[in-house]
Amino acid sequence: MSKKIIGKNLSEVSLPENLPEKLKSMNMEDAFRARSARKRHSIQLDKRISAQLQERRSSNASSTSEGGDSVSSYTGSSSDEDEVNPRDKNQKNSKGSSDFCVKNIDNAAFGRREIEIAEQEMPGLMALRRRAENDKPLSGAKIIGCTHITAQTAVLVETLASLGASVRWAACNIYSTQNEVAAALAEAGFSIYAWKGETEEDFWWCIDKCINSEGWQPNMILDDGGDATHLMLKRYPAMFNMIKGIVEESVTGVHRLYQLSKSGKLTVPAMNVNDSVTKTKFDNLYSCRESILDALKRTTDVMFGGKQIIICGYGEVGKGCASALKGLGCNVMVSEIDPICALQACMDGFRVTRLEEVVKNIDILITCSGNKNVVTRNHMDKMKTGCIVCNMGHSNTEIDVGSLRTPDLTWEKVRSQVDHIIWPDGKRIILLAEGRLVNLSCSSVPSFVVSITSATQALALIELYNAPQGRYKQDVYLLPKKMDEYVASLHLPTFDAHLTELSDEQAKYLGLNKTGPFKPNYYRY
């Protein structure tokens, strides 16, 4: 309303001719009360309509499950609507197989469409599939997979199968599974044991069902976090000793492998994919640079400009997050234990500080360290109301979420993966994904980057499975540089990129083979 008419009677203002006489005679106070009454009525009506729509959607969902593809779109992706534990369901795919456990097998068609979209954006992995499927380099391989189950993972699963492998798959995170994609894989005949919202008991049960299957002896492990490796070593040590190789892609999982190796408990060779260049630079840096923004926007609708943000850890993940947020006008600070990473942060224009020095003033906190208890209850007690707390590292150890489950604090669910933690004085912070990976729990990861990582994983599996006896001992190895370069070359045609070739004279001068590898193992990209 214009400032010129505030405080005047409506009779003093020029009004439209078609306005009802009753409204023309009202003063401003009466009009406000009338508007408020209409608004209350509108809210009540909206609630009734929402309830009717929800009832209609539930009815449509049940008719869809009976009639297959009778509707054209799917809106229940990874929803929390179905409260029945999948372990209590008796499900079969169209081939009559029940060797899987997913949320709802009837959503397979929607998952298949998501997989087809992902294939278009994963050119390197698809190129690897086309080049190697006739040779079947993984023929006879029986792979236990424990990773995030997304449309991109499904492309990897089907690629491994095309290369001759038999696979069984569980999720490495209780919140990151795309239910419709898991259903699509189960419908295609894969043994998938995963759904979004598993309990801790469900989580370990799913991994165990993949490992301990009658008539199926695994000989390879593809892990993300080391959980499948840990469970097999603990419960099935004889089976673990028969494994030909382990491929691990996370900081935490690699750390566990090095601990096993140091203590003499690692009895099989393992490949550290996490520290390969194609994983470290592209998945950790470029992927997180995009997915952190997506996750925060989807969950909180936050405006980034001017926000005070602290990034705990300035490795490749922290660098990606800091770069993205700085570009949107945030005041980004960094906490670090490593003087080299700290110096990099300073040179990139970020203030390096301790969390306890700024915790009272920050708007958003993001952990990216791979450590445990980086953010404690003492830190969160000092945060201001409305502070957003989330994790981009691994697992749920970086934020001490357990310390928030006390009688004096109230948990209030805002939406899926978003909780208010309310203090007795009314202060509340916003915790995302209960401290688990926010980008994989609350958003998605760019398919192109996952193509790079997945191609690296596939090549590592091929290398370990086909390596002659004695090439790899009971230790942890890095992916050979030549394979890193091959993965990169698979993705260059997407950008119509043309590599320059060395002349014989140039190759001799540098002491290189004309076809690579072009950098020594100690080179830092």
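Every residue, even glycine, has its Cβ placed from backbone N, Cα and C.
Per TrEMBL, the feature compositional bias 'Basic and acidic residues' maps to 43-58.
TrEMBL lists 62-78 with the feature compositional bias 'Low complexity'.
The substrate binding site feature in TrEMBL is assigned to Thr150, Asp224, Glu249, Lys279, Asp283. All protein chains considered, the CB of Glu249 (substrate binding site) has 25 other CB atoms within 10 Å.
For 284-445, the entry in TrEMBL reads domain 'S-adenosyl-L-homocysteine hydrolase NAD binding'.
Under the heading NAD(+) binding site, TrEMBL lists Gly315, Glu316, Val317, Gly318, Lys319, Gly320, Glu336, Asn439. Long-range C-beta contacts of Lys319 (NAD(+) binding site), restricted to its own chain and to partners at least six residues apart, with a cutoff below 8 Å, comprise Leu285, Gln344, Asp348.
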Cα-Cα distance maximum in Å, computed over every pair in Gly315, Glu316, Val317, Gly318, Lys319, Gly320, Glu336, Asn439 that the record assigns to NAD(+): 22
Glu249 (substrate binding site) and Glu336 (NAD(+) binding site), distance between Cα atoms, whole Å: 23
Inter-residue C-alpha distance, Asp224 (substrate binding site) and Asn439 (NAD(+) binding site) (nearest angstrom): 15
Residues satisfying Cβ distance under 8 Å from Glu316 (NAD(+) binding site), sequence separation of at least 6: Thr280, Lys281, Asn284, Leu285, Cys288
Which binding-site residues sit within 10 Å of Val317 (NAD(+) binding site) - Cα, from Thr150, Glu249, Lys279: none
For the domain 'S-adenosyl-L-homocysteine hydrolase NAD binding' (284-445), mean pLDDT (0 to 100): 94
